[in-house]
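Enquirer: Annotations for this protein, taken from TrEMBL, read as follows:
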type: BINDING; residues: 43, 70, 134, 165, 183, 227; note: NAD(+) binding site
type: BINDING; residues: 165, 180; note: Fe cation binding site
type: BINDING; residues: 237; note: glycine binding site
Ligand code: 48F
């Protein structure tokens with residue numbers, strides 16, 4: 001490149017106004033959404049992508065700074081992720097390169113797979129709020145109608161100064177995609193509304209099929225997707241194979257879309 005690069009004359013105050021103004025404008029808009037997805041792992045991102053593609057107003061709340069959950073690191077801190085047929089269809093759809101290791105068994109680079117999924121969810125129009133932890137649910141007339149949330153940093157503050165009240169966002173459906181802990185369903189368990197057996201020992205061949213099969217509503221207004229399904233129903237864990245996560249997210253999205261359509265129908 002020839003010559004000196006001269007950037008536009010934009011000062012500190014303008015940068016601050018751009019960040020705070022844009023963030024707050026969007027935050028206020030998303031205080032009421034169609035669906036809140038809690039957890040930006042593979043199942044939550046997949047669900048968010050499909051729902052946003054179908055025109056729903058979707059916000060994803062993630063406690064970490066980074067998105068992707070367990071999809072970034074693969075297994076055993078080795079950044080490869082595996083998929084079993086028929087989930088390679090989603091790899092094709094998202095343009096994720098993969099290699100067939102044996103018939104019906106595929107492997108990809110996790111940073112490539114994860115970044116493609118994050119970009120696809122954002123491109124579809126899902127709004128992401130990261131560094132924010134969901135710490136409780138809004139429940140009205142025996143149905144989940146939103147989440148209670150706070151900056152993740154608040155939970156790391158010493159108790160003496162960590163007394164910061166949360167805020168809430170409302171939605172018609174909430175999806176618990178928080179992974180192995182299933183922390184959102186856990187807020188109902190804490191109040192004796194339901195019980196979770198916890199996930200069983202690893203058994204790849206059973207867990208993926210079971211997780212996809214059981215993905216669905218666990219309580220009015222509350223869907224469960226991904227590894228949280230195994231915890232809620234006592235299914236085996238599956239290790240670093242991710243087709244079940246992607247297809248569970250897709251099923252959660254389909255179930256949410258259908259239930260919101262039913263709510264619109266006068267006969268429902
Ligand atoms: O754990 P995670 O990747 O969940 P998943 O979509 O996928 C599981 C796989 O990664 C893997 C596996 C199967 O292949 O065994 O573990 O079911 O992503 C869950 C995300 O939820 C966030 C957490 O930081 C992670 O990014 N999360 C958990 N609790 C909260 C939360 C919370 N209370 N508020 C906001 N985010």
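Even glycines carry a Cβ here, placed using N, Cα and C.
If you look at the structure here, what lies around each of the features I listed?
Expert: Of all the Cβ atoms in the protein chains shown, 19 others lie within 10 Å of the Cβ of residue 70 (NAD(+) binding site).
Sequence-distant contacts (6 or more apart, same chain, Cβ under 8 Å) of residue 180 (Fe cation binding site) comprise 199, 227, 228, 230, 231, 237.
Other Cβ atoms within 10 Å of the Cβ of residue 237 (glycine binding site) number 16 in total over all chains.
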Enquirer: Among the binding-site residues 43, 165, 227, which have a Cβ atom lying under 6 Å from any atom of ligand 1?
Expert: 43, 227
